[in-house]
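**Student:** What follows is a structure written as structure tokens; I'll ask about it next.
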């Protein structure tokens, strides 16, 4: 109740303090820092510490008074140690230095940072002539002077100015004032820090922060006051301070209004505690840091009305710790700088605001906070392996032909989602003509979805009596004339119905004109001849009925329709349309060829006129011939490289410049005016070609970079080199610019032309020579990889540079740069696909090995757990067996005790027989046989684990071999056959690893099944043992009760036996007395036989006789009962022996069960 009352009294002050701190900076109340801390104060000089010292002071006007200073013991009345300056020491205690020692210092070394407000010093003797006060805020590492004090500042500290300081580094000297009554002793010095900084424009909080923070304080007495001499002996000169008061509090940076004792600190009673009770969410002994989880802004001392309160970090409930990051604070423009630590619930980020990799935001509104981020639910078959899902939406990164948020659906037109497919799904094997465009096949089954009237597994056939599959809209009915046609089924491609004799037309609806049958031509009257056509490339009747000209199907060409038309790739008879980019390139190239041919025809007239005289013409012609010869030598080499092609291009360029630079008459001026527009069009056409080429090249490089195969990169580089070589040969954009320059040069020459010259004949001869020499056909054949039919010279090279009209390829022995590049590109694609499949198989093998290791670990853990269970069960059963054995011995001893009565024996026997054992002997034996059978079937765990380790080691070895094969495949440079061989070896190794892992998995599953069977048997056994234990506990209590009853009955039996023995003895004595009495009665009867009257004595004798007979009868009856009891005890003893024999048999069975269980426990304990 008292504590509650004190708390009630302190509560208003605490609430007021909180309110004060909530309005701005707050500071604790001040007190004397020296009280309780005098042990931290020291002086550089103290009188009488080693021996007593005498000092003399003036007494009156002309007398001297001398005293002793003995500071060896602190409690001496004349001890003047430094701790006497504390206000708690009393008025008659002071500190005094040694005589004539200067300078002297008093220094206070605090153990914590404190806030100083006021210094007050009372002197005992003369006031020093000069002194200074300084402080340290870093425990004595650096010192700063508060103020210099002197009676004469100019002479004592000439380098220090007087007045008020103007800034924090400005230190001034203040004169010491004299006492008004003229006394020389008992002066005072007071230094108030707020008054000291009164001239500095700063807030009170700033002044306290700059001046009040101290860890050490030092007062240096630098000059003794002059001592007046008025007698024969001068007074002693010394420094003495009677009282030093340091008003201050704990230093809290404006974040606390009270101080608390230091936990675990000194027990000395102090007036000012040194631990701040922090407010504003700050912490630390001096509130010099933000409290845990309040680091959203940097810590700052409180100033005036601004508390600079530390703000709580925003971790969205996923963390309780954070730290301040200046970089984050600057990036947020001073808004928040807290960075959360140890984010939980699978979150991360400076505010735990986003989910970790492979987790995404739970979109369920009522989800608990620990389920904010849930694992990605990507389908491993359709998602890119290892790629994380989107952290906000959960959208997985799908393979190329897979879609859906979980990547569990094939895109339209694809089916068969599998993990092994690097693209996820494969294209539907459906006809592009007969299947639906929006969904060619079903995503799950791959069954093709046909257009109307289209049938077949691949939707590649028209339904009966339908045709025109190529329309792409489904098949149409044949509409055969039912009277004039042989059947309703028409040709699926042409729609031609089978007509009766004399009828024709598509539907047999009109009378037929007699003509030669299909695949023949001519007239029926003059005879029909067979068409000379390859009918695999013809359509309809095969050839024209009149001329015999073959009618080629679209995509086929040639006189016999046995060649692929330009724009169709592959080999005859399979002619499919080339890629759309070919059509764009081909159109532009044909336009270019047409314009170049027009230019060539337009410039032919320029060679007929006479040229200007040019003395350097001969040298230029020779130079052209040498370059042509050099080009011919380069082209005759065994291989064509990029440098060779560049030299050929330079040679051709030089020849053209030579030809175009010759001085000729230019008669066709009107044609020259149109050349500028033609060249501009050609320039724009080549610019478009160049952009298309670069775009395709970038796409190809991007696709190539996704495949890490070294062989693929090598082949790609080879293809790029060949492509650049072909591009340099076929690129004419630079030639057009050169033609433009040549045209300008020709115009200059035209302006210089003033008449005839002597070079016309030479030009004509050169023109004739250039028309036939050099022959560029071999060079073109090397570049194009095929035989050119028409000759190509610098003067005349008709047609395309690499004609493809016949559509034939150069075959496997092609040596052309362009076909080689194409072949290399296709080969690279196949190798890249094989490498991707190989990587997928390696990943699957890794997963299988990891699963096997985890399964082995689980089996080992199960075995250890089983061992622990068996060991525990063994200990429990041993304890139960020991208790059972002791109980049996006690029961046996109890039953064989001769003093135990039959009723007690019967109760014990019935209690023993009422015990419920696990089952009868047959059932126990059957359970033991089941356990033995299961144990016999259970494989040796050590051997299985050893085999498992061997299998895992073998799998790892095979995996290493596969990795080496893959590395060798990556290191191949051009050896494609070796790459394929290594891939086959890797596939074989992977198959062996998979077989090994499957065998290991079977072994592990067998172990797990056996462990389960053992557990199924052990669990009932444990329950039986526990049941026996409970019954034995109850039986034990019952035995104790029966033993107590038996002991009581035994005591009663002993008492009854004693009574029976006494009664028997009395009966024997009575019988003997009766015999004697009977004998005397006979004698008396004989003596008194005459008298029939017995008298009084006779009556007495008769009564005695009757009593004796009654007593004898009772005695005989008691003897009979004792005999019956003896026989009954004999029968009980025999029953006890029988029951004891039964218990011995049961004890043997229990021993057998325990021995067997101990054996199995030992076996399983060593199987780990």
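In case you wondered, yes, glycine gets a Cβ from its N, Cα and C as well.
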**Student:** Which of these ranges is annotated coiled coil in Swiss-Prot: 827-879, 880-932?
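**Tutor:** Among 827-879, 880-932, the range Swiss-Prot annotates as coiled coil is 827-879.
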**Student:** Check each of the ranges 732-754, 755-777, 778-800, 801-823 against Swiss-Prot and return the one annotated as coiled coil.
**Tutor:** 732-754
**Student:** Give the residue from the glycosylation sites 220, 601 that has the most other Cβ atoms within 10 Å of its Cβ, counting over every protein chain displayed.
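**Tutor:** When each Cβ's neighbours within 10 Å are tallied, 220 tops the list.
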**Student:** Measure from the CA atom of residue 601 (N-linked glycosylation site) to the CA atom of residue 220 (N-linked glycosylation site) and give the result in Å, rounded to a whole number.
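**Tutor:** Cα of residue 220 (N-linked glycosylation site) to Cα of residue 601 (N-linked glycosylation site) measures 113 Å after rounding.
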**Student:** Just give the helix, strand and coil counts over the domain 'Laminin EGF-like 6' (531-577), going by DSSP.
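**Tutor:** Split into helix, strand and coil, the domain 'Laminin EGF-like 6' (531-577) gives 0 helix, 17 strand, 30 coil.
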**Student:** How does the domain 'Laminin EGF-like 2' (313-375) divide up by DSSP, counting helix, then strand, then coil residues?
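**Tutor:** Grouping H, G, I as helix and E, B as strand yields 9 helix, 18 strand, 36 coil.
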**Student:** Could you please provide the mean pLDDT value for the coiled coil (732-754)?
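**Tutor:** Overall, the coiled coil (732-754) comes to a mean pLDDT of 57.
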